[in-house]
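Visitor: Take this structure, written in structure tokens, and hold onto it; I'll ask about it next.
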Amino acid sequence: MAKLEGCANCAKILLIVFNIIFFIVGIALLAVGIWVVTSPYNLDILAILDNPILESGAYLIIALGAFIFVVSFLGCCGAWMENRLMLIIYFIIVLLIFIAQLIGCAVIIAYKDKVDEFVTNNLRKTMNMYKGEQNEDKYSVGWNALQVLLECCGTNNYTDWMETPWYGNNTNIMVGGQSLKPEWPATCCKVDNNLAPVTDGGFPMPTNLTYCYGVGVSEMMRNEYLNTEGCYMAFEDWVKSRALYIGGVGLGLAFLEVMGLVLSMCLAIILKKQ
């Protein structure tokens, strides 16, 4: 096979360079996925949306990163070895990834108006499945995590808890020398370190549980120790902040995919003519 020269050689070098960047993007996706999995609360919070796809989303990102890692290696090898078959296989795989991304974006755009309703309904539904601060089921751990991390309480505000089975099943406890029936979980109380992991039914201790439950203090003072705002808006902001990371990587990935498609096809056509 004759040595590639001029524009053909330039296309080969560019394809190798773009696949090296593609390789780095794959590593970035792996890093983002691992970060979501290992960061405190992330998976616990996603669990309360009660959607298997969302719950496994972080692992899908990790799988995609690993897949891109392999595909970029295939593209580099195909360009370096000037192997037309490898380039065609690379082109088909990247094209399929690109089409899947377009479909994903279309679905998100089509259903974006229903996202708010979905989140609100699922937050309310899973509140009714909450059992307590010490329980280890996914809804209890998820709500404890959500309220501690995002410093919120209930879906709309702290009074939502008084409309749940959890409140109806509550019994009186002693707080500050006074017997009372908790109207919201202790995880609604402000804590000194809201990044302490919620695991094995445990949670960060409130800064002052007595004041949080309003024992011996005014409502204004109580609110200094209670997270009064609902979790809906806080959760929406939390999702958006993580979507920025994933969206940024996705845009970079789409650009690299288009370049990879164009360069691999051009190089495959050139190799066929030789």
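Cβ atoms here come from the backbone N, Cα and C positions, even for glycine.
Here's the feature list from TrEMBL:
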| type | residues | note |
| --- | --- | --- |
| TRANSMEM | 12-37 | transmembrane segment |
| TRANSMEM | 57-80 | transmembrane segment |
| TRANSMEM | 87-111 | transmembrane segment |
| TRANSMEM | 243-271 | transmembrane segment |
Visitor: When you scan the chain for residues with a C-beta under 8 Å from the transmembrane segment (57-80), skipping those not six or more beyond its ends, what do you find?
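Guide: Answer is 12, 15-16, 18-20, 22-23, 25-34, 36-37, 42-43, 46, 86-87, 89-90, 93-94, 97, 246, 253, 260, 263-264, 267.
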Visitor: Which sequence-distant residues neighbour the transmembrane segment (12-37)? Criterion: at least 6 residues beyond either end, Cβ under 8 Å.
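Guide: Tertiary neighbours of the transmembrane segment (12-37) are 4, 43, 57-62, 64-69, 71-73, 75-76, 79-80, 82, 242, 245-246, 249, 252-253, 256-257, 259-260, 263-264, 267.
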